[in-house]
Amino acid sequence: MAGYEYVSPEQLAGFDKYKYSAVDTNPLSLYVMHPFWNTIVKVFPTWLAPNLITFSGFLLVVFNFLFMTYFDPDFYASAPGHKHVPDWVWVVVGILNFVAYTLDGVDGKQARRTNSSTPLGELFDHGLDSWSCVYFVVTVYSIFGRGTTGVSVFVLYLLLWVVLFSFILSHWEKYNTGILFLPWGYDISQVTISFVYIVTAVVGVEAWYEPFLFNFLYRDLFATMIIGCAICMTLPMSLLNFFRSYKNNTLKHNSIYEAMVPFFSPCLLFILSTVWILRSPSDILEIHPRIFYFMVGTAFANSTCQLIVCQMSSTRCPTLNWLLVPLFLVVMAVNLGVASYLESILLYTLTAVFTLAHIHYGVRVVKQLSSHFQIYPFSLRKPNSD
């Protein structure tokens, strides 16, 4: 497995023909963030590789996740009667979240500024974004947490899936239309949450216990914003873009089946993980919510990365992800009445397998494309310049 090549010769040939095509119509992005990023990118030295900026932003998101795990491992820290997360932690998380978002916005500008744009850079950026979804959502959960004033772990599980499907929807669009329509929700959510982290440090988590309007609590506003953004913005715009491409006869896949293939693995992942939760003898989501979220988010990221490779190389998306096989076996064991103590072991084992498999996939794909394009992923030097 160490030298396994995930990108086929056909896909490598497809990458050679690839040309970036994206549309961003978000007013916040166009009139506020892009001018800001255009200023910030000038601070970076021209020898700094764009992929290094991308990876640094991703590491900050992971750091926030681990940092909050230390202070709020089981999501009870914001509940009444529990030891709350220190105010300074919220400040740090808020600042780092905005810095990570900024780095995600300037990496492409640095690539164009240094004339080093490559398909690998886009794949690396969007691939890490797909894994960042779970880190971002789970870290935000600590603002409200669980308990009487918070959101149940199952509701957060469903909200996580709303975010995950919203993310993959954009890449499903590109898989079918050839154009990446950047979702409005991303910029709005990043700016809003960075601000909310700072506000939480100032007013304390107790402020979120109070009703926002009448009996409508802030936790309800949190859930409503996530669902509303997906239903009222992301989904309609995606369907509209797909329909326009259909009318213009520019769809890359003619049959409904082929157009919907990218959803097969994520949908099966949702079904299997939900069945596990509902049939769990030990109530696994209540006991290990953070690990369960991470397991689901990692498996989702792997399927999404495979989709991104296919849409960039104009090849067919795999029907099913092999990572779903061990998950299926675990769910079968749960339904057959596995012992409660074994269920936790199975979850941790499965999470470790998914994580190692996804990291292996990412490292091997980056090495393959780096070799193919004869570039260093984290340097602007060319291999033949040594």
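For all residues, glycine too, the Cβ spot is worked out from N, Cα and C.
Taken straight from TrEMBL:
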| type | residues | note |
| --- | --- | --- |
| TRANSMEM | 47-68 | transmembrane segment |
| TRANSMEM | 88-106 | transmembrane segment |
| TRANSMEM | 127-144 | transmembrane segment |
| TRANSMEM | 150-170 | transmembrane segment |
| TRANSMEM | 221-243 | transmembrane segment |
| TRANSMEM | 255-279 | transmembrane segment |
| TRANSMEM | 291-310 | transmembrane segment |
| TRANSMEM | 322-339 | transmembrane segment |
| TRANSMEM | 345-363 | transmembrane segment |
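Here the transmembrane segment (88-106) has Cβ contacts under 8 Å with residues 33-34, 36-37, 40-41, 44, 53-54, 56-58, 60-61, 63-64, 67-68, 71, 125, 129, 136, 139, 190-191, 193-198, 200-201 of the same chain, all six or more residues outside its ends. Counted as Cβ pairs under 8 Å, contacts with the transmembrane segment (221-243) are highest for 150-170 among 47-68, 127-144, 150-170, 291-310. The stretch in 150-170, 291-310, 322-339, 345-363 that contributes the largest number of Cβ pairs under 8 Å to the transmembrane segment (127-144) is 291-310. The recorded stretches the transmembrane segment (345-363) and the transmembrane segment (291-310) share 3+ CB pairs below 8 A when only pairs 6 or more apart in sequence are counted, and are therefore in contact. Packing against the transmembrane segment (150-170) from elsewhere in the chain are residues 75, 78-79, 129-130, 133-134, 136-138, 141, 144, 180-183, 185, 219, 222-223, 226-227, 229-230, 234-235, 238, 262-263, 266, 270, 277, 285-286, 289, 292-293, 296-297, 300, 304, 307: each is 6 or more residues past its ends and has a CB under 8 Å from a CB in it.
Beyond the transmembrane segment (47-68), the same-chain residues lying 6 or more positions past its ends with a Cβ under 8 Å from any Cβ of the stretch are 85, 89, 92-93, 96-97, 99-104, 106-108, 110-111, 114, 116-117, 120-121, 124-125, 128, 131-132, 135-136, 138-139, 142, 376-380.
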